[in-house]
């Protein structure tokens, strides 16, 4: 980049079409966040009306994560074959329909199924919107593109909390889900008014890629076996999270079965680069395990342990959600300045200083609690805004939407486990202690996985012939592609 270009403010590097593409995707992600977090806000009301245990109620949050891996795969492949725009519109329609169905749900099973539909739509929205914006913006601004986009989810959560405080006390919890149908109108507007992503257009010129992940898995020579494994994974996840299994050994066996199936899919679809894909799933798994206990159960903690009324809960959640949204934007600037991995590690380390005080302070001073949550979520949750850029850099354009969608949403099963683990621990400890302990300990795992660039490192150990040495999105070198002590300029850029 020339000196003259560097002196131009970053936002002047973007034209009107690129800003319009971002605005449309950001609004879609805001609506996604709004619809997705509604269940967390009304969890106690739903639990009381349906007569659910705490673990059953938490499984309604988990349900959306169970179907995400399949939604990420299918809608991601749609984005790779037909373009990012169509996949994004389809995703919005799916999660909106699921939200409306929640409002009509007569009982636990019906609502669980509706949450499965929401999960599929959410997964598609994540993969398609992220690749759409990242591929539409200049390479040197793509951490900002990722961070700014993901902030929309947190803003959606803030809006949902405010709507909750106005709607639920007057019209009840079902009315909140009826509002979630509005995004379908937005989806119809999107279909006609936004351009296709630049990278996808340049790569294909209107032609479909040779093979997507769906082609490989469900139209290839192993299609029958893969369909059977897909059904087996869906059944196993159903029994793990909705079957009320009491035997931990059976749950563990079913979990290992699912892991084996997902690894098999990754090996088939990515070939020699499967170690990278598997490690990306592990990174995302632990990212959800450290962050989602708080995301999912914070409203319950505020209402039960701290005995806050709905208005106070909404105020505290505003600080939390707004902090995460600001953190996504800050993370985008940090990522373009320090580099994606270094920014991630520094932000998580800083967040560790705040997690214990958040749950130790109690509920006497709402404003202090709100400020602590703002900064903790800004540093700990907000930095996840650059996670799509981090993951997408390991995939070529042909498989980026499906690769990002599948790896991210398989790892997102950590979000399904997180609230249930938190609820189980809370049966022996108070909920605040359980949430703080989980988040504090598991954040360090993520710091190590990202800081050491374990996807590249494990790829180098197991299948070095397929090692990617540079980020496919911004061209920067992967630190894990060389042994410790090796010079970065020894790296040779690869295409695969």
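Using N, Cα and C of the backbone, Cβ positions are placed for all residues, glycine too.
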Annotated transmembrane segment segment (source Swiss-Prot; candidates 22-42, 379-399): 22-42
Residues from the same chain, set at least six apart from the ends of the transmembrane segment (406-426), whose C-beta lies under 8 A from its own: 54-55, 58-59, 61-66, 68-69, 71-73, 76, 123, 126-127, 213, 237, 241, 258, 262, 265-266, 269, 277, 280-289, 291-293, 295-297, 387-388, 391, 434-435, 437-438
Seg_contact(the transmembrane segment (22-42), the transmembrane segment (148-168)) with at least 3 CB pairs under 8 angstroms, min sep 6: yes
Chain residues in Cβ proximity to the transmembrane segment (224-244) (below 8 Å; excluding those fewer than six residues from its ends, i.e. six or more beyond): 56, 59, 62-63, 66-67, 69-70, 109, 112, 217-218, 251, 254-255, 257-258, 261-262, 264-265, 268, 413, 416, 420
Stretch of maximal Cβ-Cβ contact with the transmembrane segment (170-190) [cut-off: under 8 Å; candidates 92-112, 278-298, 313-333, 353-375, 431-451]: 92-112
Recorded stretch that, among 92-112, 313-333, 353-375, 431-451, has the most CB pairs under 8 Å to the transmembrane segment (278-298): 431-451
Same-chain residues near the transmembrane segment (313-333), Cβ under 8 Å, at least 6 residues beyond its ends: 41, 143-152, 154-155, 157-158, 161-162, 164-165, 298-299, 302-303, 343-344, 347, 366, 369-371, 373-386
